[in-house]
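Pulled from Swiss-Prot:
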type    : residues              : note
BINDING : 78, 83, 129, 130, 148 : S-adenosyl-L-methionine binding site
């Protein structure tokens with residue numbers, strides 16, 4: 001077993017405490033990440049301590065803006081190597097998780113992690129956000145949708161809010177200051193049925209990396225015309241014309 005003192009200290013700074021089995025699951029996850037990263041592009045961060053800080057603890061920092069409840073349904077949009085969805089599932093075993101990504105080879109990796117960690121009530125799905133949001137099985141079905149994908153908040157809101165049930169939350173993870181980006185996203189939130197509740201800015205434990213969690217509540221149903229097809233949410237985000 002590796003020296004997890006940095007991880008344990010970081011968890012405590014988040015008000016969390018994991019048992020031995022959960023810590024072992026994170027170690028296996030790391031080993032699989034490095035193994036698969038040798039033949040496919042999953043992460044540029046490979047040192048154990050750095051993965052702990054910039055992937056594991058960053059993923060778990062969700063608790064700074066949202067208190068996970070037993071039986072919550074969570075969608076991780078554009079999950080990539082499984083962040084933040086898999087760390088959240090390890091820490092909260094009762095969480096129901098769907099990981100979605102547009103690259104099928106990543107889904108193979110995610111399924112391997114799910115199987116090796118013997119995680120239940122979690123699945124990985126290959127698909128594009130614009131297409132899957134049209135399906136009744138997914139539209140407005142989740143208590144919380146999260147994303148660490150690098151895109152403007154207005155774009156992410158159009159891709160993610162259609163999946164959030166009324167009264168639920170969409171929470172994107174962002175780097176640094178987001179004031180201008182949030183001002184830009186105001187019109188998109190109006191169109192999509194979202195309302196900004198708060199933004200929480202903090203530094204990751206033992207780093208000077210500034211992160212912001214944007215807590216957007218779903219206050220009304222998203223019109224059926226969203227998300228727009230053909231890559232429009234990313235190419236032409238919903239921004240108020242001046």
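Cβ coordinates are placed from backbone N, Cα and C, and glycine is handled just like the others.
What you see is a predicted model, and the numbers here were worked out from it, not measured in a lab.
Feature map: annotations from Swiss-Prot on the structure.
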residue : record                               : CB count, 10 Å
78      : S-adenosyl-L-methionine binding site : 22
83      : S-adenosyl-L-methionine binding site : 24
129     : S-adenosyl-L-methionine binding site : 25
130     : S-adenosyl-L-methionine binding site : 20
148     : S-adenosyl-L-methionine binding site : 21
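Residue 78 (S-adenosyl-L-methionine binding site) falls outside any helix or strand according to DSSP and counts as coil. The S-adenosyl-L-methionine-binding residues named in the record, 78, 83, 129, 130, 148, extend over a maximum Cα to Cα distance of 20 Å. A helical conformation is recorded for residue 129 (S-adenosyl-L-methionine binding site) in the three-state DSSP classification.
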